[in-house]
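Trainee: Sharing a structure below in structure tokens format, with a few things to ask.
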Amino acid sequence: SSQGVDYCKIKCPSGIHTVCQYGESTKPSKNCAGKVIKSVGPTEEEKKLIVSEHNRFRQKVAQGLETRGNPGPQPAASDMNDLVWNDELAHIAQVWASQCQFLVHDKCRNTAKYPVGQNIAYAGGSNLPDVVSLIKLWENEVKDFNYNTGITKQNFAKIGHYTQMVWGKTKEIGCGSLKYMENNMQNHYLICNYGPAGNYLGQLPYTKK
């Protein structure tokens with residue numbers, strides 16, 4: 001997926017590229033000690049679900065059918081792309097997921113093509129939480145979003161997963177994941193990378209129709 005790319009040449013203001021720092025391997029790192037890793041990376045079926053759930057939700061918002069918000073409803077969009085899966089984004093996301101640095105964003109995940117955004121979700125239980133339930137955690141942040149305010153330093157922590165999900169100009173997605181047992185719980189950890197990135201402070205996630 002990323003053969004022949006020298007990620008050490010891809011610069012980010014915030015630091016060294018994940019694949020430059022950790023290498024191409026997606027094998028779980030020493031940090032994962034104590035966790036019984038059941039599987040690394042989404043299945044083909046899960047990849048389809050990730051894309052279809054994102055596009056279902058993006059279309060719902062674009063059509064003006066999302067009634068939640070602070071205040072709701074969310075305005076319809078005139079520039080909402082449908083997302084497609086990108087293996088390079090997924091590979092970079094998986095290298096980072098396999099480091100077991102939980103709920104922390106990596107410093108640099110860009111590709112030669114564009115800057116890359118990121119959403120992270122995690123859930124555990126006696127049954128394995130499915131991938132769509134993780135994505136819905138991001139969608140649910142819409143309840144706190146005021147479209148007219150856009151993205152600010154103050155609200156970013158509460159709404160940033162939602163706004164990246166519905167960033168109109170984003171076109172591609174690729175995700176990494178780990179499923180593992182710990183303390184008798186089945187855990188599902190998901191990292192999705194988005195290109196081109198969204199979530200610029202002071203900007204609106206999409207153009208109002």
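The backbone N, Cα and C atoms fix where each Cβ goes, and this holds for glycine too.
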Trainee: Pick out which of Cys100, Cys108, Cys175 Swiss-Prot lists as the disulfide partner of Cys12.
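Mentor: Between Cys12 and one of Cys100, Cys108, Cys175, Swiss-Prot records a disulfide, namely with Cys108.
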Trainee: Measuring Cα to Cα, how far is Cys32 (disulfide bond) from Cys175 (disulfide bond) in Å?
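Mentor: With distance taken Cα to Cα, Cys175 (disulfide bond) is 19 Å from Cys32 (disulfide bond).
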Trainee: So if I draw a 10 Å sphere around the Cβ of Cys100 (disulfide bond), how many other Cβ atoms end up inside it?
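Mentor: A count of 18.
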Trainee: Round to the nearest Å and give the CA-to-CA distance linking Cys108 (disulfide bond) with Cys100 (disulfide bond).
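Mentor: Taking the Cα atoms only, Cys108 (disulfide bond) lies 16 Å from Cys100 (disulfide bond).
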Trainee: Determine, to the nearest whole angstrom, how far the Cα atom of Cys8 (disulfide bond) is from the Cα atom of Cys175 (disulfide bond).
Mentor: 21
Trainee: Distance check, please: Cα of Cys100 (disulfide bond) against Cα of Cys20 (disulfide bond), rounded to an integer number of angstrom.
Mentor: 17
